[in-house]
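Input: a single structure, listed below in structure tokens.
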Amino acid sequence: MDSVLMTWHLLAGAPSRPQAPRLPPMQTTDISPEQYYPQSATLQLHTAFGQNSKTQPARPSHLNQSSSALETSARRGPVPRFQKIKSTQELKPKVNAQPAFRRANPEGGFISPLQALTTHLPATYRICNPTFKYESSRNPRRVLTKPSKGTKNDGYDNDDSDYILYVNDILGSEEANHKNRYLILDVLGQGTFGQVVKCQNLKTQEVVAVKVVKNRTAYFNQSMMEVSVLDLINSKLDKNDDHHLLRLKDTFIHRQHLCLVFELLSVNLYELIKQNQFRGLSTTLVRVFAQQLLNGLALLNKARLIHCDLKPENILLKNLESPIIKIIDFGSACDERQTVYTYIQSRFYRSPEVLLGLPYSSAIDMWSLGCIVVELFLGLPLFPGSSEYNQVSRIVEMLGMPPTWMIEMGKQAGEFFEKTQDEFGRRSYRLKSLEQYSREHNTKEQPSKRYFQSNNLSEIIRNYAMPRKNMKQAEIDRELNNRVAFTDFVRGLLTINPLERWSPQQAKLHPFITQQKFTQPFVPPMNLKSSVINKSVAPGVQQQQQAEAASKQRAAQEAQVHAQAQSAAQSAYAMQMNPYNPASHSQPPTVYNNMYAGHQQGAPPPYPAQQSGYGHQMGMMQSPSHIPQQPYGASQSLYAQATTRAGRQRASTMDQQQSGIPPAIQRVASHLDPNAPIRLQPSPAYYPPPADGYSEGNASGTRRRGSRVGGNHGRGRDFIRTLEDGALGDGFMAQNQWR
């Protein structure tokens, strides 16, 4: 009975759980589009597309009601409904090649609703309201500096002492006689010394690049050296802009920041290699770049100037249609008669004499040039050291040990090399092992990452992949001959001994540069080794020459001592073996008479022979008897405790031979602090080698994975091809004086 009552109670509609709300049934409506959409929207659309409801012909009254529903559904599209599917293929969206109500894109295709309301928003507004006009000057100021919070200099600078830059701000001097004003357009980059922005000169309408230096005394003083060097080059040495050196257009102070105005250039050579997917460039393009770099370095060499930071990032194309380049960033430049810092050059391109702590000269730029041209050809840095020890070990592994005099004289050599003796007691040196260096310096040095299968530079260049597939045999032979000449050219630049390294004037005569037929190793004329304008030798070169002469003299003395000791030992042995012939000890046994050359009679050579590729032909050095030996107490004490990086002794020439130095450069250099060098930012060119190893067809293993460049491979190759075509053009080649 109870169950029956309960059932009746439920059927009678007793209170239960509330039911979920349901959508109302879809009903047709006779509302016209003009009534359904807002009047403001329809009016603007009719105006934009030339439609006017008042001018339209009247519809018959008997058709209004019958066609109202059809017009509404046609305008709104099909009514959504469920449909049974038989496979997942039916779930894929159907792409409409020409969607309804979408306007065409001037660049091709159609503009989506998202694009119409974002990137094409001004055009969308203009369609709705033809009187609308977009003006960038009314935009909110976009900040270009990070971090953008003002904490110094009355809120104008951030924590890094960088001036906080905004789009559409104006840079200019507060002085009354400085009339130039520069409108900030965009940021070009940030570096060690500050920021570089793209600006427009409001007076001349010229678009330029403005470097805004950090608001710090050290950066200001070092940047004033760049101003002095470029002013000397632009106004006196290169008035006609023929030597591919950067042009300085203006300087001023803006809110305590030194601002330098330069000509606006294009991408740098590192970006060029990146556009090429880190594949090497053709020997033709490498030659054209090397010709221009030698042209600029020859001028600097004549002026006794050292760039001190030559690398692909500091070599820029003038534009994307021509292979003409410019050398930039003279912020680390100096006069070779007044060097200040020892911590110079970016690590990948740092010369052996700088690594070992020797006095240096303009020869360090030639070492950097050698590293750069090889990197342009291979697409990878030749010596990508992860530390100074790793950098030294890579150089030694590929090119051999430095000369003994460099190790004995270098203030930093004791950090990398140790003294050894052979069985004859002769002194020699060897590179410290990875474990020993890590233990002595409390670091965790990692083994060198291999970029190339071979340690031989000739093999790396010779076995590198050909620039194109399906080349004819004649083209392959021509390319291989170019590579032989290129290898010989590079060896003259990458000579460890700076006294034997080629000068720019010598390198310009190499067959690889002049495009003459290469038949044998190039021997440059010695009269082009030193500067033409100034015959005096730089102090750093003098000290190197004296150290080399002293080392040779000590080697000769040690050889003489060894010869005397060996002769005495032989005499004693002869006495013991033949006590009844006392006169026989005066002559050594005949077996020793022809054992060594005439100048080494009676003793083995004092040092292991290290034949330089050009050393026997480049008799640069005077005889030790013509050069007075000077004491090198600090230099010869190689095994004293090596100084740390913070306490590195500088090889300075600040107090020597300052006659002839331009007064502006000499004055600025006197304000620099040798104990506070400005650390340059590391080069972005260092990447690990491909994880999948080396391909069989490419023995050098120098190609990178394409994922680093993304989808720009085709566009990058077109860009490179345009430059190569420009390099082959008669107009460009005819301009150059080496022809």
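The backbone N, Cα and C atoms fix where each Cβ goes, glycine too.
What TrEMBL says about a protein is an automatic prediction, not a curated fact.
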**Complete:** For TrEMBL, the entry region 'Disordered' belongs, out of 228-248, 459-479, 543-563, to 543-563
**Request:** Can you check which residues sit near K211 (ATP binding site), meaning Cβ under 8 Å from its Cβ, same chain, 6 or more apart in sequence, and list them in order?
**Result:** F193, G194, Q195, V196, S223, C259, L260, F262
**Asked** With DSSP helix as H/G/I and strand as E/B, how many residues of the region 'Disordered' (543-563) fall in helix, strand and coil?
**Response** 21 helix, 0 strand, 0 coil
